[in-house]
Amino acid sequence: MPVIVRADFTGIIINDLYLEPPVDNSLVLIVEDEPEIAQILDAYLVREGYRTVRAADGETALQHHALLSPDIVLLDVRIPKLDGFAVLARLRQTKNTPVIMVTALAEDIDRLSGLRLGADDYVVKPFNPQEVVARVKAVLRRTKGDQQETLRRFGAIEVDFNAYSAFVNCNGERIALQLTLSEFRILAYMVRRPTHAFDRADILDACLPESDALVRTVDTHISNLRKKLEALGQKDFFPAVRGIGYRLADPK
């Protein structure tokens, strides 16, 4: 007797027997114009308990994203109407939904372009569907952990992600930093990854996705942040990394 599996938005049905979904009931938006590949990804994800919705072109993908607010997007690069990079750029203007790029192109420039725009990971065709599922799990686990974190301390700096505010502990006193939104985004982005060296373009794409500014704008924001922190005794907080950009100083 064949096993018939199908999924709705609440659970899985096998031979008309309804099974409750697992704890992780995340919705995955699959953006893929090749029906066979889309179907394979769909089947593997449903088997792992995920809900899925498909789009075969960039415009439909944006419509589904706006209507359904998926938890993660599997986004093929070469799709009709709007390609994957254009879709990713549009997504980053509105929400921070995790995105895994899928491409058949081997050139590193395409991979790097996707990540610089704000993609969380990428896979290259042909791929093992189980590897894709594993990456979906890893990205969701990482991003959900970030969302649950509301407060991060780094040395004398304290960042409240929910309140969009930052403080410096100076001589036993907790003093609020007067930051612009762009300055706060940059500080919060870097504090989340305290051991990382940040490229200017990465900072620009992650923190100012709606901006048409040049990467040198990042230097201006970093300079302003330095001045505000130095006024509260935090000197050399953003040391330059030659040939790359900036990092955070070792906490004192």
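The backbone N, Cα and C atoms fix where each Cβ goes, glycine too.
The following features are taken from TrEMBL:
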DNA_BIND  149-250  DNA-binding region
DOMAIN    27-140  domain 'Response regulatory'
DOMAIN    149-250  domain 'OmpR/PhoB-type'
MOD_RES   Asp76  4-aspartylphosphate
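A sphere of 10 angstroms centred on the C-beta of Asp76 (4-aspartylphosphate) encloses 26 other C-beta atoms.
The secondary structure of Asp76 (4-aspartylphosphate), as reduced to three states from DSSP, is extended strand. For the domain 'OmpR/PhoB-type' (149-250), the number of residues in each DSSP class (helix H, G, I; strand E, B; coil) is 34 helix, 24 strand, 44 coil. The average pLDDT for the domain 'OmpR/PhoB-type' (149-250) in the predicted structure is 86.
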